């Protein structure tokens, strides 16, 4: 138990990061190159913190409202963003992060500016965070198995094929944005209820890079990708405690190495190898005609 | 008052244009979105600063050293972050992720080197002198900056249009496959394009460092974000587009700061980007097939 | 009335016509061949019919309805399906998942029930999986259902594309060089399947290089050279047409 006592806060952080990583995961899975999860998280976190500290709304309700607000915000920005592709989508979503950040810094009557919002009740502990991870992961798994998940996969791989099979790319991109917004809205609110205070700069470029790194390192197809990515990137700084100064350098190097040498991410690569091995074993017993390995 | 603000906007905007030019050049030729371009800019500014503070070199030498440092860093970046991906035929997504990683490393190194301090050019780096032109107070530095930007752009256009190497670069931008068949060496083209791109960032770094008299490890980030707006307004890969849009953003920003509030500048600039994308998904001057949805009949 | 009719269709690239004044038709229940030397514009024709390329001139009709400007997504829902000359699959996904993607047109579960994971979504998935397995058996690939598409041979990957196209249950099937890179035995086993599909009333437009294959399979053949129709008719007549011989030998 002492082990958990010492690492409790770290585990809680890892779980909360998983929720946010799911938000980044779902857009990348759908072939949407959005870097906007940090903006959605900021919307959720500020909505929850303001409601809880100024209007005394109970935390659970705040989190539901944050989820809806994030999803709603995702839906609004999806209207222009779903028309864009690739690089343009990435740039436009980065601009979105910057707009939200500037508003959080400068709309002081609402957000208290750079000081942030303090004395938020501590309502999220390790249990609540774990429940959120399981629930979000379950829904993402279900969606992944459904026709919508198939649409995401084929749109990500080849948009031309997708339209030739009758998939509505715009609709799928919109759905991905709404899901990403809702999940990040929830994740942001949970972050607020876990850490007593929030400041605008937490939702800036640093968060964008962290979430992207988690999903790239972990993997973009399997639901376990963002889970593993968040675990590694939350735990790594602890392992490197003596090397505080080199944390960002390690993170940057990890990002470069994984996208170059493990472009599919750890989980998807490992799952692919395992599947191939079990299939080969089955096939060698039977007929291997036509199978080129 | 308005004329004064417009002048300030044009000066800042022309440096934005210079910075965005290197960014858009890389995209136009190599289809690479270099998210570490802001870090190259920042290191260029540091190189220029050290040239002045450590070796007592004059302003002009600082500019050259900033350009060379930016250029070389950019070439190293290509070797470390982009070439391994090109060899593997990785998608454009990979290059963005890889350069985000490189950006993080370069920022972190600068942060440690300077212990997060803001550094300044010595007082006498550039003579402070004012002129009255048509009722507008013009600083000598502003005139020099505009002259440097104009000379750099003219030099770049001359290089691309008139020299053999420049023609090869444009051939690669037009069609990489065809140019390889014509015997153009992609290694040398990449070297030149990355060097030029980094050198432009380095010059812009020294200039911005002087204008605001502050050089620090985070100075590249706001510029990179503005460069996104500039190149989307101007059209990815378009040189005149980058310059015009750079000026426009500089003016919009200065006017917002003086007539609304300093904090609103970012909101206005980035909302402008959103509005443009809403109206024209490929940017104001972009070609038809830029970043818009590929789902329609071509 | 023909299932597919092209009226004086043309398409320019950079001012030069890649396809010009092409009029032809494909009948329901028949296999129509579209042949021609490399660069004749065959794939351009397919892309115009399938909704990926704009027409510069003329019009395309599906069952009498003008579909010249309809987008690919809607054409798919109208019953147009296709395969690609350069195989385009979800490489890491299994054979079964790839085929499953073709059933999109027949999905009835609402977006909301898919998002919430309501039982109707799971029921539909099971039903579609069964239908996918039926297709796999018909193409003799049931054993390979769980293999990642990219790990299989060229011939198998072409079959996956065909199954995916058939999963949409098309009225018009466009096959862009479906047997390229296959040996004769493989090609003729597919030919049987094409005949079956056509016999169910589907109009097939087959683009092919292999003359022997076209002669054995097609009811009607159109020959394209430099973007123009130079001959059409029964396979035997067309092959002996001096203009066709010249176009092939000349290239």
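Backbone N, Cα and C atoms are what each Cβ position is placed from, and that goes for glycine too.
All TrEMBL annotations are machine predictions without curation.
Annotation source TrEMBL lists transmembrane segment at A:7-27 (among others). Within its own chain, the transmembrane segment (A:7-27) has Cβ neighbours under 8 Å at 33-34, 36-37, 40-41, 124-126, 129-130, 132-133, 136-137, 140, 176-177, 179-181, 183-184, 186-188, 190-191, 194, 207, 210-212, 214-215, 218, 220, 223, 225-227, 229-231, 233-235, 238, counting only residues six or more beyond its boundaries.
Under 8 Å from some Cβ of the transmembrane segment (A:33-53) lie the Cβ atoms of residues 20, 23-24, 27, 59, 61-63, 65-67, 69-70, 73-74, 77, 81, 85-87, 89-90, 93-94, 96-97, 99-101, 104, 110-111, 117-121, 123, 176-177, 180-189, 191-193, 198, 200, 203-205, 207-208, 211-212, all in the same chain and six or more residues away from its ends. What TrEMBL records for A:33-53 (among others) is transmembrane segment.
Residues or ranges marked as transmembrane segment in TrEMBL: A:60-81 (among others).
Look at TrEMBL and you will find A:87-108 (among others) tagged as transmembrane segment. Same-chain residues lying 6+ beyond the ends of the transmembrane segment (A:87-108) with a Cβ under 8 Å from its Cβ atoms: 32-36, 38-39, 42-43, 46, 77, 80-81, 114, 200-201, 203-205, 208.
Below 8 angstroms of C-beta separation, residues 12, 15-16, 18-19, 22, 25-26, 29-31, 162, 167-168, 172, 175-176, 179, 183, 186-187, 190, 194, 223, 227 of the same chain, each at least six residues beyond the ends of the transmembrane segment (A:129-152), sit close to that stretch. Feature annotation from TrEMBL assigns transmembrane segment to A:129-152 (among others).
Marked as transmembrane segment by TrEMBL: A:172-193 (among others). Remote same-chain partners of the transmembrane segment (A:172-193), defined as residues 6 or more beyond its termini with a Cβ less than 8 Å from a stretch Cβ, comprise 16, 19-20, 22-24, 26-27, 29-32, 34, 36-49, 52, 59, 62-63, 66-75, 77-79, 81-82, 117, 120-124, 128-129, 132, 136, 140, 143, 148, 151-152, 155, 202-203.
Annotation source TrEMBL lists transmembrane segment at A:205-233 (among others).
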